[in-house]
Every structure is written in C-alpha cells, then in structure tokens.
Amino acid sequence: MKKRALLILRKDKKYDNKSIDELKELAEVLYRPIKSVVQIRKPDPKYQIGSGLVEKLVEIIKEENIEIVIVGNTLTPSQKYNLAKKFKVEVIDKVELVLRIFYKHARTKEAKLQVRLAELQYELPRAREKVRLAKMGEQPGFGGYGDYEVEKYYQKIKKEIATIKRKLEKVKEHRKIARKSREKFDSVGLIGYTNAGKTSLLNILTGEDKESKNQVFTTLTTTTRAIKGIKRKILITDTVGFMDDLPPFMIEAFLSTIEESANSDLILIVVDSSDSIEEIERKLKVNHEILSKINCKSPIITVLNKVDKISEKKKNEIIDKLERYLVNPIFVSARYGENIDLLISKILENLNLSTGTVETCDPKVISYLYENTEIIEDVMEGSTHIITFRAKEKDVNRILKTLRKVKL
Ligand SMILES: Nc1nc2c(ncn2[C@@H]2O[C@H](COP(=O)(O)OP(=O)(O)OP(=O)(O)O)[C@@H](O)[C@H]2O)c(=O)[nH]1
Ligand SMILES: [Mg+2]
C-alpha cells in the first residue's frame with residue numbers, strides 16, 4: 001500500500017516554471033497524493049512556506065491521515081526539521097523524492113553507485129546541520145543521526161564520496177573497453193527527457209523488451225542493442241532521461257551514462273510531441289545545451305514521438321513555431337510503429353557514411369574488409385579483387401591510406 005501523501009509547492013510568481021502536475025507525476029511513482037497545495041510567496045526562512053499555511057496544514061494532515069509530506073522546493077535541513085516538528089510526519093523535498101525513485105529503479109551496480117553518489121552530494125553540505133538538529137530531539141526523518149559527532153559524520157560522507165567516485169571510474173574503464181570492441185559498428189544514441197519514449201523506441205527498433213512505463217526515470221542504465229531488419233549492424237543505446245530543475249550534482253552523477261549515448265555517431269533527440277509547444281521548446285533547448293556541454297558534435301535527428309496522440313494542426317504548429325530547434329525532424333509513434341521505417345532510412349542517411357574501392361589480392365586485406373565494412377561489390381580480375389565497400393568516412397579514409405602506404 002502506497003503512503004498517503006500531501007504535496008506542497010511554493011512558487012515565487014504565478015507564472016513560475018515549477019508545476020504541481022510534475023510534482024504529482026513524480027510523487028505517484030512511490031506514494032498516493034491525496035491533496036496538493038500551491039503557495040505563491042517569497043521563501044520563508046523557517047518553513048519555506050508561510051507559517052499561517054503550516055498551521056492550516058497541521059489540521060489537514062490529521063484529518064486526511066497523511067503519512068508523508070512532499071515539498072516541491074529544495075529544503076534546508078532546518079526547514080525540514082521545523083516542518084517535521086509541526087507535522088509529526090516525515091517531510092521530504094523534491095530532490096529526496098527523485099533520489100528515492102532512482103533507488104527504486106536502480107538495477108545495475110553502476111546505477112546504484114550513481115544514485116548513492118547523488119545522494120551523498122546532496123547530503124554533504126547539509127550533514128553538519130542535520131546532526132546538530134538531530135541532537136535537539138527526535139523528529140521524523142532525523143532519527144539516528146544524533147549519535148554522530150558533527151565533524152565525524154561530515155568526514156564519513158566525504159570519504160564515501162571518494163570511494164564511490166573511484167568505483168565509478170573503474171566501471172567507466174570497463175565500459176571504455178566494451179565500447180572499443182563496438183567501435184567498428186555504427187552507433188546511434190537516444191537522448192531526451194524522461195518519459196519521452198526512448199526505451200519504447202529502442203524496443204521497436206531492436207525487437208527488445210526493455211521496461212517502459214508511464215513513469216518518470218524508468219531507465220537509469222544504458223543498454224546497447226543492434227537495430228533489427230537491416231543488413232548492416234547498427235547499434236543503438238538507451239540511457240537515463242533528463243528532468244527540469246534537478247540540481248547540477250544529480251545530472252553530474254549520471255553524466256557518464258548520458259555520455260555513453262552522446263558518444264554515438266548519430267544522436268536521436270526524442271521528445272514527446274503531445275507536450276505543450278512551450279514545453280517542447282524548453283526541452284529541445286535543454287537537450288541541445290546538454291549535448292554541447294559534453295561536446296557532442298554528431299549529427300542529430302529530432303524524433304517527435306507519440307504522434308498518435310496529436311492532431312494534424314498540432315503537427316503543423318510544432319513545425320512552424322519550433323523550426324529553429326528542429327534538426328532533421330520526424331514524427332513517429334514508438335507505441336504503434338508509425339513511421340519507424342522512415343526513421344530507419346533517415347538513420348541510414350545520416351550516419352556519415354562513405355564508400356571506397358580497393359584492388360587487392362592480399363587475403364588478409366580481403367577478410368578485413370569483409371569483417372569490418374559493408375561490401376557493395378567484389379569483382380575478380382584474374383586473381384585481383386576489386387572491392388567496393390561502405391563504412392564510416394574516417395574508416396574509409398584510414399583503410400585507403402594504409403593500403404596506399406603498403407603499396408609504396
Ligand atoms: N501514445 C503513445 N505513448 C507512447 C509512445 N511511446 C511511448 N509511449 C508511452 O510513454 C511512456 C514512457 O515511455 P518510455 O519508453 O518508458 O519512456 P523513456 O523515455 O524511456 O522514459 P525514462 O526511461 O523514464 O527516461 C510509456 O507509458 C509508453 O508506453 C507513443 O508513440 N505513443
Ligand atoms: Mg526509458
């Protein structure tokens with residue numbers, strides 16, 4: 001049974017970007033939101049929200065048997081402590097909520113390490129105050145820390161952060177090796193916001209059955225699989241999705257996972273075309289920002305997913321209004337398989353490919369070409385093979401250059 005939750009969101013202005021619907025969507029992954037309250041005001045240092053509202057909520061919490069309070073803003077330890085003291089139930093903020101969702105969905109060792117790292121980085125600047133508060137008397141969520149000494153707790157977290165970073169470096173090394181062995185194949189990376197349909201797209205393109213749910217942060221780890229139904233081997237990588245206003249340390253913890261996708265020869269930016277125009281615009285901007293932050297220069301296809309949910313009018317509106325953000329746009333439905341063939345052709349077109357022709361009778365060269373490139377034609381002239389092949393542009397150049405050297 002999911003715990004009964006009360007959601008609270010404080011906004012600076014009415015048109016502040018923060019949305020209670022987004023908080024609700026997040027909360028629903030783990031809890032049962034019973035009531036939501038939005039307050040528009042400047043942050044209150046003691047409670048984050050106004051003290052008048054706090055008093056009112058004390059009643060509601062009792063009446064509705066609320067078991068957890070979730071605040072959609074980031075709380076200081078003392079705000080959290082003060083709220084818990086008033087409410088007598090556990091109080092968490094948005095970052096902690098996302099961390100709990102991450103925990104639930106972390107399946108691999110790497111994902112678990114990344115989540116723990118994010119958690120510790122959230123904890124570190126709060127550690128000293130948290131222990132001090134815990135010593136002032138038990139409040140929900142502050143149990144146990146009172147036995148620590150302030151400095152010792154802080155140092156313990158610092159040490160664990162260093163250990164986890166070391167472990168993650170090792171995982172990264174392993175991944176590098178795995179990536180090396182895949183380098184000869186063309187690769188496609190999926191990136192985009194959480195719930196855009198990245199995993200659904202991977203599933204339909206590869207015939208996989210990876211978990212896809214109408215929930216945020218379903219995927220936390222990368223998966224790489226071959227696209228089915230085409231002659232060449234093209235690998236596609238799925239990864240964790242983005243979300244607005246997550247603190248930078250959280251994105252940082254998952255950056256190497258995102259980079260795994262972004263390191264591909266071609267990027268598919270996946271967006272949910274049933275979002276509002278403003279939302280699509282904002283999300284596209286962030287996608288491009290993240291790609292440029294990690295210095296990704298690969299070509300891009302913008303996959304406007306969930307086309308089954310939108311009208312022809314909305315389609316035209318997206319194209320008209322968002323033209324400057326839409327690199328190579330294509331509307332598809334991953335769920336119903338709409339336009340997937342066209343997407344595959346687009347992928348093939350955009351994978352920076354080139355062809356080369358060599359004349360050779362060296363069996364080593366011939367078998368190298370057969371194993372590592374796509375052979376378009378192999379014509380025999382006496383004992384010489386005239387082979388035309390297709391591969392990544394840089395590989396074609398490298399092969400031709402090497403063979404020329406050998407001849408000289
Ligand atoms: N109507 C419709 N729903 C879709 C489509 N593609 C995906 N969905 C649904 O959207 C939800 C999210 O899909 P996922 O594939 O899990 O999304 P994701 O981008 O991998 O999400 P995270 O792993 O959380 O980052 C699921 O409920 C899917 O069934 C589509 O083309 N049309
Ligand atoms: Mg996914």
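Cβ from N, Cα, C; glycine included.
Just so you know, TrEMBL annotations are computer predictions that nobody has curated.
The model shown is predicted, which means the values in this text are computed figures rather than measured ones.
Under the heading domain 'Hflx-type G', TrEMBL lists 186-355. Per TrEMBL, GTP binding site is recorded for 192-199, 217-221, 238-241, 305-308, 333-335. Among the features that TrEMBL reports, Mg(2+) binding site is placed at Thr199, Thr219.
For ligand 2, the binding-site residues lying close by, meaning a CB under 6 A from one of its atoms, are Lys198, Thr199, Thr218, Thr219; the full candidate list was Gly192, Lys198, Thr199, Thr218, Thr219, Ser333. In the predicted model, the domain 'Hflx-type G' (186-355) shows an average pLDDT of 90. Distance between Cα atoms for Asn195 (GTP binding site) and Thr219 (Mg(2+) binding site): 9 Å, as a whole number.
Taking the C-alpha atom of Thr219 (Mg(2+) binding site) as reference, the shortest distance to any of the binding-site residues Lys198, Val240, Lys306, Ser333 belongs to Val240. Across the structure, Ser333 (GTP binding site) and Thr199 (Mg(2+) binding site) place their CA atoms 12 angstrom apart. When the Cα atoms are compared, Val240 (GTP binding site) and Thr199 (Mg(2+) binding site) turn out to be 10 Å apart. The secondary structure of Lys198 (GTP binding site), as reduced to three states from DSSP, is helical. Within the same chain, residues at least six positions away from Thr221 (GTP binding site) with a Cβ under 8 Å of its Cβ are Ala106, Arg107, Thr108, Glu110, Ala111, Thr239, Val240, Thr257. Among the binding-site residues Lys198, Lys306, the residue whose Cβ has the fewest other Cβ atoms within 10 Å is Lys306. Listed in sequence order, His105, Thr194, Asn195, Thr199, Glu211, Ser212 are the same-chain residues at least 6 apart in sequence whose CB falls under 8 Å from the CB of Thr218 (GTP binding site). According to its DSSP assignment, Val240 (GTP binding site) is coil. There are 21 other Cβ atoms within 10 Å of the Cβ belonging to Ser333 (GTP binding site). Annotation for Gly192 (GTP binding site): spatial neighbours Lys198, Gly241, Phe242, Leu268, Ile269, Val270, Val271, Lys283, Asn287, Val303, criterion Cβ-Cβ under 8 Å with sequence separation of six or more.
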